[in-house]
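Here is the structure we will look at.
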Ligand SMILES: Cc1cc2nc3c(=O)[nH]c(=O)nc-3n(C[C@H](O)[C@H](O)[C@H](O)COP(=O)(O)OP(=O)(O)OC[C@H]3O[C@@H](n4cnc5c(N)ncnc54)[C@H](O)[C@@H]3O)c2cc1C
C-alpha cells in the first residue's frame, strides 16, 4: 500500500496485492471491532472497491448497508498485466460519515489487513495481520511495526494467567487448606499469573502508546482495566507476602486479619477483572473459536467451583457438622481408618517434637497446618498437646478474649483431614444400660443446687448410661463432657464441662463441715457451672426443668494425665476451673499412702470469696492434708494476691513434675506463659 496526502482534505491510496481471485482489505484499527475498512475485490477481470464498516470479527457490511455512504472513489488501475490487484483510489481524510474513521496524518495509530486469494466474493480472509502505523505525510514520520501476533500472544498469556493459573491458585486455597501443598501451589501459580500480567501488559503498552481518541471505547476499557490489574497484582503480591509474614512471624492478630482480608478482596477483584478482561480481549481481537474456547473455560471453571462448593457445604461441612443431623447435635461418627491412640501415647509423641493436638476424640497432626491457620501459626504451635475443641466451638480463646471465635463449619470439616488417630472413650467410665453411642447420650435434669449466687451443681440422669460412681483410674481425673443443644433456629450450641466424681456435699459431710447427708442415687453426671449474663449454654442449663433432656458426649480430653501420686505438682484453677482439681484432692486424700512424695500446690482464683465454691472444703483439706497439699485462695480481698507471682516462683524452686492450668480465656495463657518464663519446661504444662 502506498499513499499520498494530497492536501488537508484528500488522501490518495494505491493498493497492490498479489491476488487474482479474492480480495485484499485494509482496516483502520488493530482489530476488526468497530473498524473502518476499504477492500479491493477481484473476480479475475475487474476490481470492485467498497467502503466497509466491521462491527466485530464477522463479515463486515458496506457503509451503505449500515446506513452510511460509500466514500472511496476510484481513480485508476484495476487488474495489472499479471492479473494481480493494482488499484488507486481516494477518500477524504474526514468523510463526515459515521461509518468512516478520520485519518489523522502523522499520528500514531493502527491498521489491520486481511486477504483471500482462492475464492471470489467477500468471504472470510485466509490470512490477516495488524500493525502499529502512521499515515505519514513525509518520510520523516513513516512508522510501521507489525504486531506479529503479539496481541494473540498477549491474549493467550493472559488467558493462561487468569483463566488457568489464578483459578487453580484460588481454588486450592478455597478448598484444600488442610493439605500441606495448597500454600505452595497458591503462591507459585498466583506469582506466575502476576508476573505474566506485568510482563505481557508492559509489552502491549509499549506497542500501543496511542492517542485514546483513536481507539474504540471497548479497546479503551480493555486497556484501562488491564492497567488497573497490572497495578493491583503488584499490591496483591505485597499483601500475599505480608499475610505470610504476619502469620508466621508475628502474633499481631489485628494486622493479620486486616491484611488477610485485603489480600482476599484484592485477589477476588483481580480474578474477576482478569476473567472479564480476557473475555473483552478475545471479543476485540479474537475469532469465533477463541470466544467459544473462552466461554467453555468460563463454564468449566464455574462448574468446578459450583460442584466443590456444593460438596463442601453438603458433604464435607456435614462430616463433623451437627447441624445436618436430624436427631443428634453431636453427630460425629469417625471412620475406622484412624489409628487407635491414647492420650498418654500422643503426649509422649508431642514431647518428642511431633506437632499433634486433640479435638474431642480425634488426634490431629497439625504440622503443616500452621501455614494455613488464618489466626496465625502461633495459635497452632503454642497449643500442641492441647484439646482444641474449646477453641473450635467458641467457648475459649487463645488470648484473653471473653467473646471467643466460633469456628466455621468449613473449619470443622478440616478436622477429619488432619486426623491421624482416634482416642477411645475410657472403658467403664460410662456404664451402658442399653447399647447406645457415647457421642449421643441423652440425660435429663434430676435436680439442681445453688453453690452461690450464680454457680450451680446439677445432677443429670440417663436411662441408657450410668457414670461410674468412683474414679477408679487416676487417668480419668480432669476429663470433660461436651454438652450441647439445638436452638430454635437449629444452631447447635456446644460447650465443655469438667466431669466430677466426688459429691461435694458428701465430702463436706465427711469432713464434718456439713451436718446433713443427702442420699443421692448412683450413676448420675454432675456438672458445676457458673451462669453468665447472656451465656448461651449456662442460661439454658439454668432454665432446664426437672426431666428436661440434654445431650452429652464423652468423656473427652487428656485430663490431668496423672499416672501415679508421685512428684511435685502445681494446679492453677480460675473460677469453675476448680472442678477437675476437686476430684484430684479428694482421691489423693482417700488413696495417698502414709509415706508418699506427692505434693500439690493449688492456686485457686475467684473474684471475691462470695463467687467461690467448695472453699471451706479446700481450707479443711489444707488442715487435714498439710503434708501433701498447700492451697492458696486468691480473691480481690486476699493478701496473697499482691505477692502471687513471688509465691509461685518460690514454689517452683523445688523441681516441678507438672503443672495444670484450668480457667477462662486469658487466664490459661497468662499462667502458661508465666511458668515458661520462669523456667518450667513447656512439656510439663497441661492447659485444660
Ligand atoms: C475443658 C473445659 C471444661 C470446662 N468446664 C467447665 C465447668 O465445669 N463449669 C463451667 O461453668 N464452665 C466450664 N467450662 C466453660 C464452659 O465450657 C463455657 O465456656 C461457659 O460455661 C460459658 O458458656 P456459655 O455458653 O454460657 O457462655 P457464652 O455464650 O460462651 O458466653 C457469653 C458471655 O459470657 C461471658 N463469659 C463466658 N465465659 C466466661 C468466663 N469464663 N469468664 C467471664 N465471662 C465469661 C462472656 O462475656 C461471654 O461473652 C469449661 C470449658 C472447657 C474448655
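Every residue, even glycine, has its Cβ placed from backbone N, Cα and C.
Listed in TrEMBL:
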| type | residues | note |
| --- | --- | --- |
| DOMAIN | 1-116 | domain 'DOMON' |
| DOMAIN | 125-317 | domain 'Cytochrome b561' |
| TRANSMEM | 156-176 | transmembrane segment |
| TRANSMEM | 183-205 | transmembrane segment |
| TRANSMEM | 225-245 | transmembrane segment |
| TRANSMEM | 265-285 | transmembrane segment |
| TRANSMEM | 291-311 | transmembrane segment |
| BINDING | 528, 530, 537 | FAD binding site |
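What TrEMBL annotates, mapped onto the structure for a quick look.
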residue	record	CB count, 10 Å
528	FAD binding site	20
530	FAD binding site	19
537	FAD binding site	21
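The DSSP breakdown of the domain 'DOMON' (1-116), given as helix, strand and coil counts, is 4 helix, 60 strand, 52 coil. When secondary structure is read from DSSP and collapsed to three states, residue 530 (FAD binding site) falls in the strand class.
Other than 528, 530, 537, the residues of this chain whose Cβ falls within 8 Å of the Cβ centroid of the FAD site are, in sequence order, 455, 456, 497, 527, 529, 531, 538, 541, 576.
Confidence over the domain 'DOMON' (1-116), given as mean pLDDT on the 0 to 100 scale, stands at 95.
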